[in-house]
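Per Swiss-Prot, the features are:
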ACT_SITE  E174  active site
ACT_SITE  H249  active site
ACT_SITE  C370  active site, nucleophile
BINDING   19-28, N110, 137-138, R213, D251, N364  substrate binding site
Amino acid sequence: MNAKEANFDGLVGPTHNYAGLSFGNVASLSNEKSDANPKAAAKQGLRKMKQLADLGFAQGVLPPQERPSLRLLRELGFSGKDADVIAKAARQAPELLAAASSASAMWTANAATVSPSADTSDARVHFTPANLCSKLHRAIEHESTRRTLAAIFADEARFAVHDALPGTPALGDEGAANHTRFCAEYGAPGVEFFVYGRAEYRRGPEPTRFPARQTFEASRAVAHRHGLREEATIYAQQRPDVIDAGVFHNDVIAVGNRDTLFCHEHAFVDRQAVYDALAASLGALGAQLNVIEVPDRAVSVADAVGSYLFNSQLLAREDGTQMLVVPQECRENANVAAYLDALVAGNGPIRDVRVFDLRESMKNGGGPACLRLRVVLNDAERAAVKPNVWIGDALFASLDAWIDKHYRDRLSPVDLADPALLDESRTALDELTQILGLGSLYDFQR
């Protein structure tokens, strides 16, 4: 059946700021307490969506979550009217207010793991929201994520939107940032590839400096839940030393699409065994795996983390070639820029590189791949998606004007104590649900 990959990017929320909440994320920590520009952040992401849609790629948008999360603050013991809750949290525990105000749901690669209907036992598209239990500011996202996905992919005959896995360290799940899929054609059965940082119940190497956020047990549970074929499901461990170097998700060191894996030499434990397993599984489906392995002598792990070379989007074009979408930081790193020039000049599957300014997201550790959730849809499934979430000229214009109307152009961590920010955000989100036709999505609307 004819199918295409759609990308659903997260729209950056009005509370976008740099609070340095993500230990293990080098960019997040290094930009802590600097001023952010929510308006610029949202527009940078929206421009990427529009330009990719203009190139013919299926491009959707996912709305921000309500922030600050008054639900979290009340659960943590702050009481009174909404303004009182914010004031008390700002005075007594500003780090908790920062966690409750994070716009991190913009990085929809962590929203869920998605398996297309060609791979699942019941021939539905399956979504499992990630529990993101390693970080407080992200662990509060999954319920709203489930609600949003259920609103957009509402046809239960075609879509299965699950709850997140239990939020325990043994089942730490970071979503599609540690998952990719290989196939000959999008509509054909494929090989699903899960990458984990550690295993809870068996001994193995683990990082020592930064935590491994994804467990083998979580990856396996998602595969079981989605009804994936064992022979077409591959698990690999990310190298602990690269986690300690700031590779907190696999999508900071590798990206794959269709029959191509683009990765760093040091991405995986026992990398040749990983390549062999993927090649064998994909070969059984009639396709040949192309591995583009970047040697450390050309691009070091430090260069990869600093430029986010691998936190790129690998997009398949109609002519069978692939296009790489990278942040502008890749052009500002001499080693990475030289590698990309040589890559495009070669005769491999990647024939084009597009560069985007995503500086506001990048300063928090999120590149092009972080901002998108990939969903493979056949024609009938695409027709069942809520129509107003697809990016085109009209929706782009509406969202661009909406950002101009509602977003601040400067936000520092101390501004999170401003009770007006909550009112501004709610007003913006209430209008957004009307633009996107999603109904009463947020707690304050119910």
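Glycine is treated like the rest: Cβ placed from N, Cα and C.
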What subset of the recorded positions A19, L21, R138, E174 lies within 10 angstroms of H249 (active site), using C-alpha positions?
E174
Where does R138 (substrate binding site) sit by DSSP, helix, strand or coil?
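Where R138 (substrate binding site) sits, the three-state DSSP reduction gives helix.
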Pick the one among the recorded positions A19, L21, C370 whose Cβ has the fewest other Cβ atoms within 10 Å in this structure.
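With the recorded positions A19, L21, C370, fewest surrounding Cβ atoms within 10 Å: L21.
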Long-range neighbours only, meaning 6 or more apart in sequence with Cβ under 8 Å: which ones does D251 (substrate binding site) have?
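Listed in sequence order, they are A109, A176, A177, N178, F310, N311, A369, C370.
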Take the C-alpha atoms of R138 (substrate binding site) and E174 (active site) and report the distance between them in angstrom, rounded.
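Between the Cα atoms of R138 (substrate binding site) and E174 (active site), the distance comes to 10 Å.
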Any idea which of the recorded positions R138, H249 has the thinnest Cβ neighbourhood at 10 Å?
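Candidates: the recorded positions R138, H249. Fewest Cβ atoms within 10 Å: R138.
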Taking DSSP three-state, what's A19 (substrate binding site) in: helix, strand or coil?
coil
